[in-house]
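Read the structure below first, then the notes.
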Amino acid sequence: MLKMGVLLFTFLVLFPLTTLELDTDRPVERHAAIKQDLKPQERRGIRLHAPRDECCEPQWCDGACDCCS
């Protein structure tokens, strides 16, 4: 009887759990598929720059920093 219980538990509970596709894997795969289709130049353009708290003198302001007051 114990062997039958172990066999049923294995095939009715554990086997279906291993064959299920996890939902958390899908967004990563979709994101990777989208990024894979991009050209290298387009991939480089997607990078977001971290905000910086730098300031520079008004004559040196070129958009990379905020002008100091």
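Keep in mind that glycine also has a Cβ here, set from the backbone N, Cα and C atoms.
What Swiss-Prot records for 1-20 is signal peptide, and it gives sequence analysis as the kind of evidence.
What Swiss-Prot lists as 4-carboxyglutamate is Glu54 (among others).
Taken from Swiss-Prot, the feature disulfide bond applies to Cys55-Cys67 (among others), supported by similarity to another entry. Applying an 8 A CB threshold to same-chain residues 6+ apart, the list for Cys55 (disulfide bond) reads Cys65, Asp66, Cys67, Cys68. Under DSSP, Cys55 (disulfide bond) is assigned to a strand (E or B) in the three-state scheme.
Taken from Swiss-Prot, the feature disulfide bond covers Cys56-Cys65 (among others), and the record attributes it to similarity to another entry. Following the DSSP three-state reduction, the secondary structure of Cys65 (disulfide bond) is coil.
Swiss-Prot lists Glu57 (among others) with the feature 4-carboxyglutamate.
Positions annotated as 4-hydroxyproline by Swiss-Prot: Pro58. Long-range Cβ contacts of Pro58 (4-hydroxyproline) within its own chain (separation 6+, distance under 8 Å): Cys67, Cys68.
For Cys61-Cys68 (among others), the entry in Swiss-Prot reads disulfide bond.
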